[in-house]
Amino acid sequence: MHPALSIIAFTTLSGFGYGLAAVLGLGLLDASAMSTKAAHILALGLIAVGLMSSTLHLRNPQRAWRAISQWRSSWLSREGLLAVLTFIPLIWSAWGAIIESRYLPVPGLFGTVGAIATVFCTGMIYASLRSVQAWYTPQTPLCFLLFAGAGGLNLATLAAIFNAGDVYILGLSAAAATAFAWIAKSAWRRRMLTAPPISTPETATGLAAIGRVRLWERPHSNENYLTREMGYRIARKHAEKLARISFTLGGAATVLLLLSTALFWATASSLAIIAAVVAVLCQTVGQFVERWLFFAEARHAVMNYY
Amino acid sequence: MTSLPSIPTPKRLGLVIDLDVCVGCHACVISCKEWNTGGYGAALSDQNPYGLDVSGTFLNRIHSFEVIPEGGEVIGEAGEARIVHFPKSCLHCDDAPCVTVCPTGASYKRGEDGIVLVEEDKCIGCGLCAWACPYGAREMDLAAGVMKKCTLCIDRIYNETLQEVDRVPSCVRTCPANARHFGDLGDPTSDVSIMVAERGGMDLMPEQGTRPVNKYLPPRPRTPLAANADGLGSVEETSGATGFFGWLDNMLDRI
């Protein structure tokens with residue numbers, strides 16, 4: 001599948017934003033601290049930038065408001081609707097923290113639930129497409145949720161360092177969430193690489209009874225919308241390398257840095273601060289590469305005709 | 001509303017494509033493009049039409065496949081490789097995944113005849129329906145920014161200003177080999193249903209769970225080339241030899 005930058009930015013940034021919003025909604029950070037107020041703004045900013053980025057790939061964005069209408073059948077519509085609705089408790093919570101310096105449990109918890117539900121819907125947009133076998137698994141929304149949670153906890157740890165909360169607990173939870181996310185991702189990737197394809201050129205043409213099917217001539221000599229959109233190919237050696245980069249940076253390095261943050265916090269706080277900042281950077285880069293591969297490596301059933 | 005019709009549609013209009021007959025001439029591709037660029041909805045645009053990297057929106061495309069039986073790489077031995085020309089357009093699925101993913105309600109399947117359509121004024125051009133379709137039946141028009149797909153020539157089949165013979169999809173009307181047939185596949189007595197029953201009409205990618213309405217008729221079995229080549233298969237058989245060659249055959253066997 002074609003890895004559109006707008007979608008990669010959207011899923012990554014809004015994932016981190018909703019993850020941070022979910023953590024903030026639990027009231028784990030001291031609402032009166034400046035860094036908590038900044039975290040609220042950051043969460044809303046990431047979500048807003050992500051959502052705006054998602055409209056960049058629309059070819060008629062002026063009608064985007066219609067996209068919240070089909071929540072009965074469409075996961076994309078459900079995501080859009082929940083994203084809009086979740087802004088209400090999130091802005092309310094942010095108001096409480098920024099203006100009144102206090103944690104509001106009711107909008108806080110509603111915001112957490114809304115954030116989790118929205119990220120789940122994002123994952124389900126992909127997991128509901130049987131035509132893309134790599135995505136068609138409950139592991140897809142699980143990975144989206146874990147990555148969002150890990151990113152949120154990581155950012156919350158950074159906020160906690162500036163007098164806002166328990167760095168030890170948050171750092172360790174962030175490390176655990178990150179580890180779980182990448183373990184889930186590695187299971188997802190193993191499934192993608194090893195599962196036998198559900199559709200083949202033989203099932204696509206129905207000609208298995210005669211023999212093995214191979215494309216002899218394309219419909220047109222040039223690329224078309226389908227081959228550009230669905231036929232994106234990445235060389236296996238690059239995919240392997242990029243996967244290793246994402247697992248190393250986003251997974252191993254981030255977990256180690258978060259553990260260092262938690263452990264050094266009491267003794268060497270400047271070291272802990274550096275570790276927390278680098279952890280956020282590593283996780284962001286790893287996450288972008290992971291999301292790029294999520295699209296680039298996924299193969300679409302229509303390519304059985306090409 | 002992008003939920004699928006809750007009860008089976010009374011009519012299931014669709015195409016039956018005979019892979020035994022299609023000669024791969026692409027006439028249906030051209031007539032489809034011609035009719036649909038001036039009819040229902042936005043025109044089917046081309047990008048860079050006079051340049052090297054020309055591309056455009058098509059609702060119907062012909063692929064050609066080479067089908068090779070086990071051990072059939074060598075002509076005359078175990079069956080032969082053959083070319084199958086393969087027209088592909090929207091299959092108007094009963095469980096159309098392109099319809100249910102649409103966030104705006106632009107995609108829908110008509111309750112009365114099962115035709116899957118796009119209401120272009122509602123389409124935001126997100127492209128998710130094209131991702132959901134395993135057959136590649138939907139293409140985004142890059143000029144209009146809306147999703148285009150086969151309408152089964154809805155502006156022909158019900159058009160009483162046309163002569164009755166023309167009230168079929170453009171591709172069916174134009175096919176010079178008569179490889180394409182249009183009809184109601186929900187009616188077991190219709191010509192197309194009878195054809196499907198007699199010829200073993202099949203679904204494409206049944207494992208995708210889309211339950212397509214359009215059916216494909218498989219190529220008929222062919223007489224292998226070897227069966228027509230006189231003597232080609234009997235070079236090892238020498239028992240009928242007489243006279244000098246009979247004697248030579250006998251002597252060679254003894255050496």
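Cβ coordinates come from backbone N, Cα and C, glycine included.
Under the heading transmembrane segment, TrEMBL lists A:37-58, A:79-98, A:110-129, A:141-161, A:167-184, A:242-265, A:271-289.
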Three or more CB pairs closer than 8 Å, sequence separation of 6 or more: does that hold for the transmembrane segment (A:141-161) against the transmembrane segment (A:79-98)? no
Do any residues of this chain, six or more beyond the ends of the transmembrane segment (A:167-184), have a C-beta under 8 angstroms from a C-beta of it, and if so which? 23, 28, 139, 142-143, 146-147, 149-150, 153-154, 156-157, 160-161, 247, 250-251, 254-255, 258-259, 261-262, 265-266, 272, 276, 279, 283
Which residues of the same chain, at least 6 past either end of the transmembrane segment (A:79-98), have a Cβ under 8 Å from a Cβ in it? 14, 18, 21, 24-25, 31, 36-37, 40-41, 43-44, 47, 51, 67-68, 71, 104, 106-108, 110-111, 114-115, 117-118, 121-122, 124-125
